[in-house]
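Q: Residues or ranges marked as disulfide bond by Swiss-Prot: Cys2-Cys19, Cys9-Cys25, Cys27-Cys38.
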Amino acid sequence: NCIDFGGDCDGEKDDCQCCXRNGYCSCYNLFGYLKRGCKXEVG
């Protein structure tokens, strides 16, 4: 299940890598444990 760069991701998987190399899921951490606003980005 590919996620394009800029697309939403769950913060747990490296799905962003399968559309282009060195992709990763970047999130904002709220209160140190809640992940929000996760997006696939270029590593």
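Here, residue 1 is simply the first one shown, and the rest follow in order.
Including glycine, each Cβ sits where the backbone N, Cα and C put it.
Predicted, not measured: the structure shown is a model, and the values here were computed from it.
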Q: What does DSSP call Cys38 (disulfide bond) in the simple three-state scheme?
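A: It is in a strand.
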Q: Do you know offhand how many angstrom separate Cys38 (disulfide bond) and Cys25 (disulfide bond) by C-alpha?
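A: With the alpha carbons as reference points, the distance is 6 Å.
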Q: Tell me, if you would, which residue among Cys9, Cys25, Cys27, Cys38 (disulfide-bonded residues) has the fewest other CB atoms within 10 Å in the structure shown?
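A: Each of the disulfide-bonded residues Cys9, Cys25, Cys27, Cys38 was scored by Cβ atoms within 10 Å; lowest is Cys27.
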Q: How many neighbouring Cβ atoms, not counting its own, are there within 10 Å of the Cβ of Cys2 (disulfide bond)?
A: 12
Q: If you measure from the Cα of Cys2 (disulfide bond), which of the disulfide-bonded residues Cys9, Cys25, Cys27 is the nearest?
A: Cys9
